[in-house]
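**Student:** Let me give you the structure first, and then I'll get to my questions.
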Amino acid sequence: MNEIFPGLWIGSCPFKENAPNLLRFGIKSILTLDALPLSDGVFDCFNRKFIRLLDEPSQDVLDILEEALDFIDLSLTTGGILVHCAMGVSRSATIVIAYVMRKNKLSYDSALEIVMKKRLVYPNIGFVNQLKLFEVMKWKVDRKSPVYTQYASIRTFRGSNIAYNRTDSSTTIATRDPVQPATFKCRKCRRALFSSANLVSHCLPDSTTPSSESVDVDGEDNVEISTVLIKGITLNAVPTPCTRDELFTDPLEWTRPYTHEVEGKLYCPGCQAKVGSFNWCGERCVCGTWVTPAFHFNRNHLDRIDRRLASSQSTTQPLFSAPNKVEPTSTSSSPSVAIK
């Protein structure tokens, strides 16, 4: 386990034999983020809190985040605290990073850098996505914020499995459907970047019923709440799909390196050619809808490959012409302290 700053420790699940060592390090509280709590008995002398959390990108971290952070705050007033999950890499790291963000008013990237100096951590991309939203909401889970409202709407209307689309275009599995998802490839090196299953559809902003409320999103003034979008869901009463054929996707596995910056350019992992841009705080589509987070690909740098099992043939479409309609899917560290 590792001490991030005085009193705040992060690590893997402690064994019963470790209890005396935890006390020796001044740890009086334990926060468990796992599928099961610690066993009773030897750990009864600690102030414990258990929050059930699986290491899956679809898990709703924002829902339990402030509960966990408040427990850390309270625990640090009486002694040290160990925040742990199974391996001390993803779930516990997510909570500790969030705590560093809130305590010091830091960006996700800056907080991650602080934690990484003490321990190598690797939060899954769904957790990273939610920490980016936590940053946008100014280090609190503001349930009245349009950003949170849209996030909650997605979980309601598209189901809970929306934090990260895990479908990788390079490992698409064939199904009985004769028409397979189209693959989008880098025009320069032909590397598959994503499939149509990764695309995020969205709706036009409601122009018939203007909203009287406005918010500031990443420096953009007077963005109507009805146009703020997270992964393709708006709050329009009668949504009209956008038909501008802009290519927005969910975060992809190969875009993990881009979690360390709020915005920037997307480069093909095969040849490093520029293929688009990203902004975790969002980007406005040409139709006027605000898409958050925005992974926006440039058609002129991609080719679309349509595959049909029935005919066993593939067709290539240059993306400067309109593609077929895509249906939306639902869907170096410091030394560790051994506690043997």
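Placed from the backbone N, Cα and C atoms, the Cβ positions cover glycine too.
The active site, phosphocysteine intermediate annotation in TrEMBL covers Cys85. Taken from TrEMBL, the feature compositional bias 'Low complexity' covers 328-340. Among the features that TrEMBL reports, domain 'Tyrosine-protein phosphatase' is placed at 1-140. The domain 'Tyrosine specific protein phosphatases' feature in TrEMBL is assigned to 59-119. The region 'Disordered' annotation in TrEMBL covers 313-340.
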**Student:** So, by DSSP, how many helix, strand and coil residues make up the domain 'Tyrosine-protein phosphatase' (1-140)?
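**Tutor:** Summed over the domain 'Tyrosine-protein phosphatase' (1-140), the classes give 60 helix, 27 strand, 53 coil.
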**Student:** In this predicted model, what is the average pLDDT of the domain 'Tyrosine specific protein phosphatases' (59-119)?
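**Tutor:** Taking every residue in the domain 'Tyrosine specific protein phosphatases' (59-119) and averaging pLDDT yields 96.
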